């Protein structure tokens with residue numbers, strides 16, 4: 001029996017689900033898991049996918065609805081087995097601010113500080129340089145067999161799960177997403193569907209309404225970490241002003257405002273964080289890892305500190321206290337050369 005046939009026997013059909021959404025009813029996680037499984041299996045038409053996404057967005061997604069999408073997407077992913085505690089630092093994109101690759105640099109700094117980082121990302125969609133683009137410009141090969149992706153995490157302390165390699169079934173969404181050309185729930189699934197199933201996440205979300213939902217899904221799935229949104233709309237912890245932070249610990253989500261000036265970080269402007277294409281942004285990565293001071297370094301240190309706070313399950317104290325301690329570790333990672341050494345070893349492993 002196909003997934004369509006078995007689901008119809010259980011009452012799940014596209015007309016039923018889309019009609020419910022149009023009428024303002026929330027779906028269950030089982031409903032959306034069926035929908036995503038059908039999409040990932042190639043059994044949904046572009047019209048059904050588009051209708052579902054638009055109806056879901058118009059009603060407004062819930063934690064359970066997103067959780068169902070995530071469950072099905074992970075079920076269709078190519079798994080990668082990486083032992084131990086793992087961290088992902090990632091932004092959803094979509095802030096339209098075209099900054100340098102802050103989360104990618106922060107990931108390298110966290111690895112230099114001893115965290116095992118499994119970054120999940122893709123090429124740019126709304127900016128000039130996504131994580132995959134800048135890593136390629138730095139010399140990291142992305143077209144690796146899955147076993148080598150896992151080995152890099154063990155030997156270099158960091159690896160990259162290229163979304164299009166690990167989520168091949170997501171190709172079925174390409175046409176309706178391209179033709180809709182609007183943000184949908186699918187724009188927020190990347191940080192929630194790391195195929196290594198990381199235990200800790202530091203996630204930047206530009207969309208103000210979706211940020212607490214992303215935190216809620218992480219909590220529902222038993223993850224820990226931080227979700228944040230800059231007051232300037234940046235999908236990072238911003239240095240231009242305060243950020244809203246949702247912390248996930250022990251299945252609970254707490255919301256607070258975090259001001260980087262409390263850590264002595266100088267206020268920057270968005271223009272000072274502006275990036276370019278992959279080549280230009282790769283040059284910024286090399287500068288930051290070599291110890292060049294300035295707004296880019298400050299933003300990287302702040303977001304690396306967030307990653308280390310997410311990773312360190314045993315740390316105590318207020319968020320500001322834990323961020324201050326983690327900031328010192330991030331500074332040491334750069335200033336000792338450890339972060340740069342991680343990148344050098346990673347490039348060599350992917351090229352060997």
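Cβ atoms are placed via backbone N, Cα and C, with glycine included.
Features reported for this protein in Swiss-Prot:
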type	residues	note
BINDING	91, 122	anthranilate 1 binding site
BINDING	91, 94-95, 99, 101-104, 119-127, 131	5-phospho-alpha-D-ribose 1-diphosphate binding site
BINDING	103, 236	Mg(2+) 1 binding site
BINDING	177	anthranilate 2 binding site
BINDING	235, 236	Mg(2+) 2 binding site
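Feature map: annotations from Swiss-Prot on the structure.
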residue : record                                              : CB count, 10 Å
91      : anthranilate 1 binding site                         : 28
99      : 5-phospho-alpha-D-ribose 1-diphosphate binding site : 24
103     : 5-phospho-alpha-D-ribose 1-diphosphate binding site : 27
120     : 5-phospho-alpha-D-ribose 1-diphosphate binding site : 26
122     : anthranilate 1 binding site                         : 18
123     : 5-phospho-alpha-D-ribose 1-diphosphate binding site : 16
177     : anthranilate 2 binding site                         : 19
235     : Mg(2+) 2 binding site                               : 26
236     : Mg(2+) 1 binding site                               : 29
For residue 236 (Mg(2+) 1 binding site): DSSP state (helix, strand, coil): coil
C-alpha spacing of residue 177 (anthranilate 2 binding site) relative to residue 120 (5-phospho-alpha-D-ribose 1-diphosphate binding site), in angstrom: 20
Neighbours of residue 103 (5-phospho-alpha-D-ribose 1-diphosphate binding site) among the binding-site residues 91, 122, 177, 236 (Cα to Cα, within 10 Å): 91, 236
Integer Cα-Cα distance in angstrom, residue 122 (anthranilate 1 binding site) to residue 235 (Mg(2+) 2 binding site): 16
Residue 99 (5-phospho-alpha-D-ribose 1-diphosphate binding site) to residue 177 (anthranilate 2 binding site) - Cα separation in whole Å: 24
Shortest C-alpha distance to residue 236 (Mg(2+) 1 binding site) - which of the binding-site residues 91, 123, 177: 91
Minimum Cα separation from residue 177 (anthranilate 2 binding site), reported as the residue among binding-site residues 91, 123, 235 that achieves it: 123
Three-state secondary structure, which DSSP defines for residue 122 (anthranilate 1 binding site): coil
C-alpha spacing of residue 235 (Mg(2+) 2 binding site) relative to residue 91 (anthranilate 1 binding site), in angstrom: 6
Pairwise Cα distance for residue 235 (Mg(2+) 2 binding site)/residue 123 (5-phospho-alpha-D-ribose 1-diphosphate binding site) [Å, integer]: 16
